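Here's the structure, in structure tokens; my notes come after.
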Amino acid sequence: MIYKKNFSKLSPITNLIRSALLNCRGMYITLRYMFKPKVTLNYPLEKGPLSTRFRGEHALRKYKNGEERCIACKLCEAICPAQAITIEAQERDDGSRRTVRYDIDMTKCIYCGFCQEACPVDAIVEGPNFEYATETREELMYNKSKLLHNGQIWEEAIDLRIKKNSQFY
């Protein structure tokens, strides 16, 4: 059984001293945090640091010579637990395969990163971009050209992230 002290039975002087001490304690805590550096960021104007392992917007990469990396092995499509990736491939004259259609439904994607880990040529990656809000759901259906465009925009950042995290893949 928990006993509560009944402060109403204390003398007025004791209550006054107790209240003053509690006020001083509260002011001490307030003053202690007042002079510490702020932890709140003013988001649209200030952005916090991102981990190099952050999983954001998807991108398809190209080689330095301009040829797309994707070899249409469809491992990313097979491993995707949300079944958000759709690939159609076509064989080239030289016998290699390339994608004709590469779609990702970003409304289904759970950003697990399995597609990135399964890809043998680092073609599909999740980049550092997290600001891709849209007004309609249709804009979140990424096709091959949108994914290649993302790869062009974020190539330097993606390359740096892959180099830093190569030991984990």
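Even glycines carry a Cβ here, placed using N, Cα and C.
Record note: Swiss-Prot gives Cys70, Cys73, Cys76 as [4Fe-4S] cluster 1-binding, and the candidate from Cys112, Cys119 in that site is Cys119. Counting same-chain residues at least six beyond the ends of the domain '4Fe-4S ferredoxin-type 1' (61-90), those with a Cβ under 8 angstroms from any Cβ of the stretch are 96-106, 108-110, 112, 114-125, 148, 151-152, 155, 158.
Among residues of the same chain six or more beyond the domain '4Fe-4S ferredoxin-type 2' (100-129), those with a C-beta under 8 A of the stretch's C-beta atoms are 50, 54-61, 68-71, 73, 75-76, 78-90, 137, 140-144, 147, 150-151, 153-154, 157-158, 161-162, 169.
When Cα-Cα distances from Cys115 ([4Fe-4S] cluster 2 binding site) are compared across the binding-site residues Cys70, Cys73, Cys76, the shortest belongs to Cys76.
Close to the recorded [4Fe-4S] cluster 2 site, the chain also has Cys76, Ile79, Pro81, Ala82, Ala84, Ile85, Ile110, Tyr111, Gly113, Phe114: residues not among Cys80, Cys109, Cys112, Cys115 whose Cβ is within 8 Å of the site's Cβ mean position.
Taken through DSSP, the domain '4Fe-4S ferredoxin-type 2' (100-129) splits into 5 helix, 9 strand, 16 coil.
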